[in-house]
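**Student:** The structure that follows is given in the form of structure tokens.
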Number of protein chains: 2
Amino acid sequence: MASKTDLTAVNTIRALAVDTVGKANSGHPGAPMGMAPVAHILWSRHLNYSSKNSKWFNRDRFVLSNGHACALQYVMLHLAGYKVSMDDLKSFRQVDSITPGHPEVGVTDGIEVTTGPLGQGISNAVGLAIAQAHMGAVFNKEGFPLVTNHTYAFMGDGCLQEGVSGEACSLAGHLKLSNLIAIYDDNKITIDGDTAVSFTENVEQRYKSYGWNVLHVENGDDDFEAIDAAITEAKKNTNGPTMINLKTKIGYGSLKAGSHDVHGAPLKKDDIAQMKTKFGFNPEETFAVPQEVTDLYAKIGDKGAKAEAEWNELFNKYKQEYPKEAAELERRIEGRLPDGWEKALPVYKIDDPAIASRKLSETVITKIVEVLPEVVVGSADLTGSNLTRWKTAEDFQHPSTGLGSYQGRYFRYGVREHAMEAICNGLAAYGGIIPLCSTFLNFVSYAAGAVRLSALSHLRVITVATHDSIGLGEDGPTHQPVETAAWLRALPNLAFWRPADGNETSAAYLTSILSPHTPSVLALSRQNLPQLENSSIEKATKGGYVVHESENADVTLVSTGSEVGLCVEAAQQLKSKGITSRVVSIPSFEVFGAQDRDYKLSVLPSGHPILSVEAYSTFGWGQLSHDHFGLKAWGASGPYAKVYEKYELTPAGIAKRAEKVVAFYKKRGQPLFSPLISALDDISE
Amino acid sequence: MASKTDLTAVNTIRALAVDTVGKANSGHPGAPMGMAPVAHILWSRHLNYSSKNSKWFNRDRFVLSNGHACALQYVMLHLAGYKVSMDDLKSFRQVDSITPGHPEVGVTDGIEVTTGPLGQGISNAVGLAIAQAHMGAVFNKEGFPLVTNHTYAFMGDGCLQEGVSGEACSLAGHLKLSNLIAIYDDNKITIDGDTAVSFTENVEQRYKSYGWNVLHVENGDDDFEAIDAAITEAKKNTNGPTMINLKTKIGYGSLKAGSHDVHGAPLKKDDIAQMKTKFGFNPEETFAVPQEVTDLYAKIGDKGAKAEAEWNELFNKYKQEYPKEAAELERRIEGRLPDGWEKALPVYKIDDPAIASRKLSETVITKIVEVLPEVVVGSADLTGSNLTRWKTAEDFQHPSTGLGSYQGRYFRYGVREHAMEAICNGLAAYGGIIPLCSTFLNFVSYAAGAVRLSALSHLRVITVATHDSIGLGEDGPTHQPVETAAWLRALPNLAFWRPADGNETSAAYLTSILSPHTPSVLALSRQNLPQLENSSIEKATKGGYVVHESENADVTLVSTGSEVGLCVEAAQQLKSKGITSRVVSIPSFEVFGAQDRDYKLSVLPSGHPILSVEAYSTFGWGQLSHDHFGLKAWGASGPYAKVYEKYELTPAGIAKRAEKVVAFYKKRGQPLFSPLISALDDISE
């Protein structure tokens, strides 16, 4: 039953959120004010959490998909007893505070995923729910309900309009994720005003079409019991995910309630005063928490700590009855990789056959899934092209489909690249899972919103991106990436790998898996690539190494992936013309950039010109080479060898340009410095 | 009534598509075989076209959203009498043919938009339908139904799963676009196999939730009359767009019919032979067209030519009764801009106040919409932040909403960035419209799939992208672009503009509008920017110019947008330290790169070091500068001036680095060449 304390708590939340935004003179007060009731009911009666241990594994996961409402989330975390102090609330939106303008995982205690960009949070939530279902299916035993948490997401009109959320929710319905509960803040207001201007679809009907359960709360402002009842009912549903359509008034309590003015600008002083007065608070006071509210949440905190303690006991019993499983679960929760797993990675010799790197990748995956049970893999409906599914794989499916089970580790994402990446962010954020996903490199761009957040959030998501260039041939320029490598290389904290042979492919996987805070994208070829002289997993893990060394070289050819082998041939042609060349492979700019000075200069030294060769735009090669040979614009549709010929990306075409480069700098007649050396970068002399 | 000729025609289409794919030994035969009936019925009985004039303005627009089925589209264009010969069919997927692996506008006669990447085509179709509705509302008069065409799209399961199509179709329903008819090839097959593995939503229910009419054809393989009746009924619908759910068997006629094997690989020889035999064709013959089919389509071609001639007569009468409107329509169809329109562009002097470039942009838009009625503008629910709506604007809405009309020129896209850009591709492709759209620069990335196609398709779509950097302040790193400029600069045929003051903003608009085959993205600031010395529209249209010249300069600071003003201040600080600097603004890499050699070298000459300064990743600046100062990783949440300070992107921080750069190259003590000069690029000496 809703009590007076509930109302006081709800109004406390509203006032704190308004003060938080007001102090910063920036932020979004409206949704926090409208969602204060559901936040209070959820957190005080349903959400299973232990605020002193935000990493308790079986905690319910909470995602604020409408991340601009984060003043609400920070207030809840504060009240609930997480490491979010009143001073943190007062530093909202200030440089170096732990309460940034949109919620960021890793920055603030209790934040599960980074949100703000609309549609992402609910899609992450689908991933978190999948993770729970999977880990539960793998580890739970009769009498040991260890992994049983719910995943709750708040979302607004904005999230619902974004395509990524539709993709993710369609898949969530197909997978019948019954522990996923999304609460839709239906306030009919967006930045442009009433949703009537652009968003008039029947949301409930759409979610039913996805196979979701839809519940209603007509008065999300005042009817706390209805909110409670809806969540209670949602938790009981075993037939798939549930959406609670919650009608609220944005900015409830403000003079501007119900208008878009209250969405994204701080309330005016007189408005705040009248609101506080109306709520029975002192209009002169800011950041006030009545004792009864403090006490209420303290009690809930104790309850949570007790729940965690009970879980720990349960786990201890589990350890005794299922020691192997317990050790595995512990290992995976802590993110420790099994000793010696990397021995599974294939090693190649120069006389091994030429193999397409997408095929090399298939071999790696087939081997590592045996030694790393935390690895799950999926494809956006390109399984047979990405070569990501191993023969003995079981699909992750609801058992009622007859197509798999929740123990399954292979994911059929459907033609939903953006949701795939956002879901993988959720999988990675949950704990205990290393998600691999796959599509064509060109269509990783469809997921740019989510990929960016993988990097910002420091999540280890590994994207297997095949058909990586004009090498895909006939599908043509609509499918052939040109600009994609530049985008991914410019993105901070993302390792873009373009391995050139078997050892490099193994190295890409090795480094990606050993990088728990960095996402990786592996660009893989459709065409066969020869094994390279001097390549080894060890060398390739440096992100760059010398494939072919020469003393007194006239030129260095630096390349990646499928073009390295062409450079090796070009070097032979140049030799017959009296030009001595070195050949260097840089499978990852990011990883190479992290090596020490001496090593990098040994790979790309001063003294002679360096020419880059890559079947992409040359944009960005200036950091590693003096001259650049690549695509001037788009690819073309045709058999791939003919496309390479069209653009002269052949050994002869490379050799021709290398000769020109050598002559040019000889004519200039002055010492040539490695592009790695510059005034401001880390190698300055 | 379906005749024997209809069946022969349908099987001819199937056989031609199979032969087309077979000759190339590459491609997708399944969907062409399954959709041959609907293609034949649509093109022979409903589609209004004049094959000898693929640009007839009132032609029905046809889009193959499942673009991989383009063998079907090429076959139809051939049969219908477009400039697609039998030899063109035989050159399918060969380098330099006009029948590339996915349909490309501008390459093949009769292709309206470039498709292949899933979800794009149907979203373009929404744009084409909007364009017809708008042009019709503006130009049609009583008795003069000039712009009345329908827009037809074929789409498959893949398109339906993609988030962008959901966004676009939700908006299409809201806008009640009754002349839009989408035919869903419901064959239950995707690359990963049966749709049961991932796509089990109730598609019909979802489309109804968007406000679409949904019709059914249970047997899309054999029941030609049912197909015909459905299209007839769809054309009558005045209550919004219609989807025809057409059940077909993928690869109908093949031994592998109904399986995903027939989706994307050529049929085996024996399979082709049995199929042709079954169809009553000679199994030894390829590329065969029975005379009756040729005759049938020739008759339809005549009908189309006649329809076009009648339309021309109608237009001539319209010219007499409505000469002004007729002249306008002609002007817009031909893509001619009105004389002197550019005089409307605001011009600034150095002592004009400092103004944020998003505000400068608002002024430009307000002025140009008066002189360029073809300009339409919209925002993805950020109107009040993008500042893209002029005071007297009318919204483009269905009149029944009471919120606008189809004559309206302001578009409320909702929180649907990807659909917005894809719809703009359709608007631009239709003819007579110059679409501007807007969002935050960071969220242009959500639309990467469509933006890429704007560039590949040579469509003039202008994206107004505000909140372009850490300058947006408190919203924080989830919203602050770092890698976005690099991505857009690496994309071929896209002009990325980052204007630094009023004249540069006007120049960005001038050049974007004057570039009918190139999309543009304008990155605009939230914070105020001072007017610059030496700036003028004329200079800025060169994409780069000297803001502050000095003789015997020790260093050049090269920058864009909000950082140019900081460089100007830094130059003053450097002067007091005895260091002479030049300041250069490069508002557009792409446009600057197209200038002649001498001009470029006058802006970025040899002789002294050049230091770039920009509040983004420095990736890619090597083509224009020796050293680079930018963000090493993400932005931060806080008042923007404090964020700039945190990263030392201040006049003092710039000056400090400039000093270091000067000292470094002095110490090196050898002539320094402009980065524009290199062995392979266009300036090689």
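Note that Cβ sites are derived from N, Cα and C of the backbone, with glycine treated the same way.
Worth saying up front: this structure is predicted, and the values here are computed from it rather than measured.
TrEMBL lists these features:
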type	residues	note
BINDING	B:His28, B:His263, B:Arg358, B:Ser385, B:His467, B:Asp475, B:His479, B:Arg526	substrate binding site
SITE	B:His28	site 'Important for catalytic activity'
BINDING	B:His68, B:Gly116, B:Pro117, B:Leu118, B:Gly158, B:Asn187, B:His263, B:Phe443	thiamine diphosphate binding site
BINDING	B:Asp157, B:Asn187, B:Ile189	Mg(2+) binding site
SITE	B:His263	site 'Important for catalytic activity'
DOMAIN	B:355-531	domain 'Transketolase-like pyrimidine-binding'
ACT_SITE	B:Glu417	active site, proton donor
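Please situate the listed features within the shown structure.
**Tutor:** On its own chain, B:Ser385 (substrate binding site) has B:Arg358, B:Phe440, B:Thr466, B:His467 as residues at least 6 apart in sequence with a Cβ closer than 8 Å to its own Cβ.
Taking the Cβ of B:His28 (substrate binding site) as centre and 10 Å as the limit, one finds 26 other Cβ atoms among all the protein chains shown.
Long-range C-beta contacts of B:His263 (substrate binding site), restricted to its own chain and to partners at least six residues apart, with a cutoff below 8 Å, comprise B:His28, B:Gly30, B:Ala31, B:Ile189, B:Thr190, B:Ile191, B:Ile250, B:Gly251.
Secondary structure at B:Ile189 (Mg(2+) binding site), taken from DSSP and collapsed to helix, strand or coil, is strand.
DSSP gives B:His263 (substrate binding site) a coil state; it is part of no helix or strand.
A C-beta separation below 8 Å, combined with a sequence spacing of at least six in one chain, links B:Glu417 (active site, proton donor) to B:Ala380, B:Thr439, B:Phe443, B:Val444, B:Tyr446, B:Ala447.
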**Student:** Cα-Cα, whole number of Å: B:Gly158 (thiamine diphosphate binding site) versus B:Asp475 (substrate binding site)?
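**Tutor:** With the alpha carbons as reference points, the distance is 35 Å.
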**Student:** Measure from each Cβ of the binding-site residues B:Asn187, B:His263, B:Asp475 to the Cβ atoms of chain A, and list in sequence order the residues where some distance is under 8 Å, or 'none'.
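**Tutor:** Listed binding-site residues passing the 8 Å Cβ cut to A: B:Asp475.
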**Student:** How long is the line from the C-alpha of B:His479 (substrate binding site) to the C-alpha of B:Asn187 (thiamine diphosphate binding site), rounded to the nearest angstrom?
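**Tutor:** Between the alpha carbons of B:His479 (substrate binding site) and B:Asn187 (thiamine diphosphate binding site) there are 40 Å.
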**Student:** Return the residues near B:His68 (thiamine diphosphate binding site) by Cβ distance under 8 Å, restricted to its own chain and a separation of at least 6 in sequence.
**Tutor:** B:Gly27, B:His28, B:Ala31, B:His102, B:Gly116, B:Gly264
**Student:** Show me the subset of B:Pro117, B:Asn187, B:Asp475 whose Cα is within 10 Å of B:Asp157 (Mg(2+) binding site); these are the binding-site residues I mean.
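**Tutor:** So the list is B:Asn187.
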**Student:** Tell me, roughly as an integer, the mean pLDDT over the domain 'Transketolase-like pyrimidine-binding' (B:355-531).
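**Tutor:** PLDDT averaged over the stretch: 98.
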**Student:** Where does B:His68 (thiamine diphosphate binding site) sit in DSSP terms: helix, strand, or coil?
**Tutor:** helix
**Student:** Distance between B:Asn187 (thiamine diphosphate binding site) and B:Asp475 (substrate binding site) at the Cα atoms, whole Å?
**Tutor:** 45
**Student:** Fill in the CA-CA distance, B:Pro117 (thiamine diphosphate binding site) to B:Arg526 (substrate binding site), as an integer in Å.
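**Tutor:** About 34 Å separates the two Cα atoms.
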